[in-house]
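Remarks on the structure that follows.
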């Protein structure tokens, strides 16, 4: 650095001789050595309006700053200047004969280069240009040439100080001593025997500090500049304060159960954070001290921000210990987890894999190959995600759940893990087996982590790890053999032990956040479903491998190993094989998780569905929680957009008992209603039995869940009465998780409780008086039970079931002009004259086609004020009422009167179609044939009871017959055929001639049950033909 002192005039006013910079610096140093302290640093400027940050516990504040000046150069003081403003400061005198002491301690953490005045070095010459200076101009008093200050060390080998062209070591040391005297570099206190002082925190320093607030130290900058620089200079927390981070604590005063839960979580927090990391604290301290001796090789050079050293002391926002993690699950999992950030963090981003390095683009020159390599990278990282989640689940069930139950029992004064019915507690039994499973999967997780940490899709090597551990997966067999017993014991214990059930409920809802409500019982299937996941992951992984490569062959071998293991386990358990589930998973186009915990495949088969015009093929899949009615595409996969997923608890099914529909099953639900036709009556009965059992189990689970919510609500109400000593209105900040969970549980229960479910729910009012409506009647508030006709979608009658309108009094026959219509409320077949329009609740109160009878019912409900829920009504200022209709995301406000359109045939009712069947001896579908015709015609025939007339109809529900025959005097013949039974009615004339022919009517019945009824009716009313030999 040059110090231009030529502008100073000497006291004798003689022009100074031309001297070099070295000579001027030597003269300046002699003055300092003689005790002239006028060039020492000035007192610090007045403090900034912003509060300075508190120093860390291990640091001592050093408020050294360069002296202000008016020029761009440093001038020696004149004799006229007063020395009163120069503070006397004891310091170490440095002479050429004295031994130079250490210039200060080495930094604890290697800092980035410190650039004075915010300027970057652009050259190594003495005069450095400022073309790379930041946008804000530096302070006028600090516009000296750029100086790059390295951390205080015992050697200064950089040639960028002062005269870069001077290479002698003594010159560099002299310049270093000048930096010490000027305050840019810390000095040793008390002659070097005391505690060393740290380098002062500069306004451009990026070292991590404890406080989140900081002081720039520059009072000349504007507030806007300060705010902009604050974003880039935010201090991070120091490692010493890592264990002191305040964890969120839910202070609840609502129930004893909630208070007990809070105490337990606080204890477990202390157990895992304070106690479990005592040894790690020593290691961290040693590692931090060891960093003192580590000086990176690139100190003094410009480093890329992306390649900067990662500060392990800083807790990233994606970590489990972030300040935003306020729930108990995040706290406990972050306490117990000792894995790396790649396992514990779950950051978003397309190119990010759970906190790991971004997935590279693999620029090979071929775009398709680049995409393949990138997908292969994602497939490899997916192994790590799945295995990490599974290991975490095992830890929660084997460690966290028993510990939680034990501590909860101590709070309530009894042992919740005591023996039950003379046997060891089921929680301890589960713990014993899962503790044996956990080490194997931790080893597998470690190996997968090792592979993923050095992953390169051009050299894949995941198959070897999976193939090696495939045989060890059999360690889960003992748990799978006893899983059904564990399930029954848990159910029994929760039903009998109220406190055990409450503790489990709190653990499920507050800590164990897996699946719906995080049910512990439902998650027991995780162990078995883990088998299936490995093969699915390997299949996806192998898809992106190049054919005829070694890794492809190893992947196929690993897949076969996994298949053998899962086949053996599934055969022993009597469950579907992995291959079957894998095929089903891909038929769902990977859009439905067949391996969801608690979800088991029960049955699947091809069926036929009766549509309004014809029979169409469908594929029926039954799980423990859903029934799928799938439309199969030409490729064999399911068309998800045109398939229906029906929850079992919201469904009704009914066997059709008519002879022609003995293979049919009618399914009705709020999602979809249909008539399913199976291949045989036996298959229909098997499906009905499985549906009945699956629905019962599902409702039982919902009932237990709702009962737990009710108990929690009752306890909360009781404790509120005891704790409400002073009337206080809780604000929004007091609404902690239990209240939110309870309200959500109640709403879910209320939505699932209708006429189809026997699950008990919290009592809710069915209506409320709303005087603003003007009707003076009780209106529904939208949360009570609704009639089945308002919730269940109807099964439409097929078009060929009738050739005429089915409304009583209407004689319209369907043809090209008069087309068929279906009522959306009851599924009835009507004509255009009997069709009206009305809003239906099952279609979100949108306007739909209805028959005359349904229109009358809904219009009467509208007049009575009970059709629309009060939450859907909007009262205008002029007392007119508007309603909200449509789906949740597509609401529309309309005038309710515009939603109704009366039919032409107003007031007509449904025809009694059962009357015809009730007045007959036998009724069914037949195939009528005449002697003059060789073809058969489908007809529906009945034998009338009162007059013994055989009547044939064109359609099943027609009222007009096409043929009537009085069967008195007829003989009958019956002949068994391969496709049914043939019945012939023969009438002979009393006068017979050679050309006389018998009058014969024949028809075939394809249903065996219907054929028996026809045979019995003819045998009772007619005589057998005697001519039949």
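From the backbone N, Cα and C atoms, a Cβ is placed for every residue, glycine too.
Database features, via Swiss-Prot:
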- 810, 831, 834: Zn(2+) 1 binding site (BINDING)
- 823, 826, 851, 854: Zn(2+) 2 binding site (BINDING)
- 1-12: compositional bias 'Basic and acidic residues' (COMPBIAS)
- 20-39: compositional bias 'Basic and acidic residues' (COMPBIAS)
- 42-56: compositional bias 'Pro residues' (COMPBIAS)
- 76-85: compositional bias 'Low complexity' (COMPBIAS)
- 122-133: compositional bias 'Low complexity' (COMPBIAS)
- 141-155: compositional bias 'Polar residues' (COMPBIAS)
- 200-211: compositional bias 'Polar residues' (COMPBIAS)
- 212-227: compositional bias 'Acidic residues' (COMPBIAS)
- 316-334: compositional bias 'Low complexity' (COMPBIAS)
- 335-347: compositional bias 'Polar residues' (COMPBIAS)
- 375-572: domain 'DH' (DOMAIN)
- 593-696: domain 'PH' (DOMAIN)
- 1-155: region 'Disordered' (REGION)
- 185-254: region 'Disordered' (REGION)
- 279-370: region 'Disordered' (REGION)
Residue 854 (Zn(2+) 2 binding site): tally of other CB atoms within 10 A of its CB: 24
Confidence summary (mean pLDDT) of the domain 'PH' (593-696): 92
Lowest local Cβ density among 826, 834, which the record lists as binding-site residues, within 10 Å: 826
Any further residue of that chain within 8 Å (Cβ to the Cβ centroid of 810, 831, 834) of the recorded Zn(2+) 1 site: 805, 806, 807, 812, 830, 832, 833, 835, 852, 903, 905, 908
Conformational class of residue 854 (Zn(2+) 2 binding site) under the three-state DSSP mapping: helix
Winner by Cβ contact number (other Cβ atoms within 10 Å) across the binding-site residues 831, 851: 851
Mapped DSSP class for residue 834 (Zn(2+) 1 binding site), helix or strand or coil: helix
